[in-house]
Amino acid sequence: MNNIIHNDAPTPWGIYFQDGASPVYDGIVELHDQVLFYLLIVLVGVSWILFSTILRFRGSGIVHKYHNHSTTIEFVWTVSPALLLIAIAFPSFKLLYLMDEVIDPSITIKAIGHQWYWSYEYSDYTDKEGQSIEFDSYMLPTEDLEEGQLRQLEVDNRVLVPVNTPLRFIITATDVLHDFAVPSLGIKVDASPGRLNQVSTYVQREGVYYGQCSELCGVLHSSMPIVIEAVSLEKFLSWLDNQ
């Protein structure tokens, strides 16, 4: 049996994406790779033309009479970028539409940004006292971390969600602008006071996914981590029963 280790948190000197756990995230990575491929082609092509021209005409004093004007060249360098932008725009717009679409979520979780912590509310469920399940989530101080926990990324209360279930997050704030961002799930949404923003996701595998507030919100901006733990439906229902 093969054990696969997923990268669901920032790593030192990391230069690429974290491992994905949602369809939207996979689409983001695929679009990035496609655009990067196009950019490399442009870089190589333009660099080749530039350096070949420099090497050919350096110091010779020769001026080609057709280099002052060429309808063919102007047509090529006008149409080629237009076609390239169209090739990038269509998959980009498609992905943006899919990211904004919320289709019949099974669970809705409200995330509220504060200076400097997050609070969460499971509006669809109630605790033993008949109140909506809600809690605050603060960053764990360094001295309280256990072995294997991540500094400035671990919290005292994680958001628990079931895998393979349509989820919706409703995001807002009470004071200043914040930003709810979980890279491995492809989530990044502004948390604005007096405004409700929403985003849907579908977690494909169990794991612990780390994020942070991604909007400069004050002196303790870096102390607003987000931790989403995806578990099986059975474990999630058991957690609900214990609330």
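The backbone N, Cα and C atoms fix where each Cβ goes, and this holds for glycine too.
Positions annotated as Cu cation A1 binding site by Swiss-Prot, on the basis of similarity to another entry: H178, C213, C217, M224. The DSSP secondary structure for H178 (Cu cation A1 binding site) is strand.
Residues annotated as Cu cation A2 binding site in Swiss-Prot, with similarity to another entry given as evidence: C213, E215, C217, H221. When secondary structure is read from DSSP and collapsed to three states, H221 (Cu cation A2 binding site) falls in the helix class. Using a 10 Å Cβ-Cβ cutoff, H221 (Cu cation A2 binding site) registers 17 neighbours.
Taking a C-beta cut-off of under 8 Å and a sequence gap of six or more, E215 (Cu cation A2 binding site) has these contacts in its own chain: L177, H178, D179, D190, A191, H221. Residues or ranges marked as Mg(2+) binding site in Swiss-Prot (evidence: similarity to another entry): E215.
Per Swiss-Prot, the feature topological domain 'Mitochondrial intermembrane' maps to 1-34 (among others).
The topological domain 'Mitochondrial matrix' feature in Swiss-Prot is assigned to 56-74; the stated evidence is sequence analysis.
Marked as topological domain 'Mitochondrial intermembrane' by Swiss-Prot: 98-243 (among others).
Cβ atoms under 8 Å from those of the transmembrane segment (35-55) belong to residues 84, 87-88 of the same chain, restricted to positions at least 6 beyond its ends. Swiss-Prot lists 35-55 (among others) with the feature transmembrane segment.
Taken from Swiss-Prot, the feature transmembrane segment applies to 75-97 (among others). Residues 24, 27-28, 31, 34-35, 38, 42 of the same chain lie 6 or more positions beyond the ends of the transmembrane segment (75-97) yet place their CB under 8 Å from a CB of it.
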Smallest number of other CB atoms within 10 Å: among the binding-site residues C213, C217, M224, that is C217
Within 10 angstroms of the C-beta of H178 (Cu cation A1 binding site), what count of other C-beta atoms is obtained when all protein chains are considered? 30
Helix, strand and coil residues within the topological domain 'Mitochondrial intermembrane' (98-243) as assigned by DSSP: 21 helix, 69 strand, 56 coil
For the topological domain 'Mitochondrial matrix' (56-74), mean pLDDT (0 to 100): 70
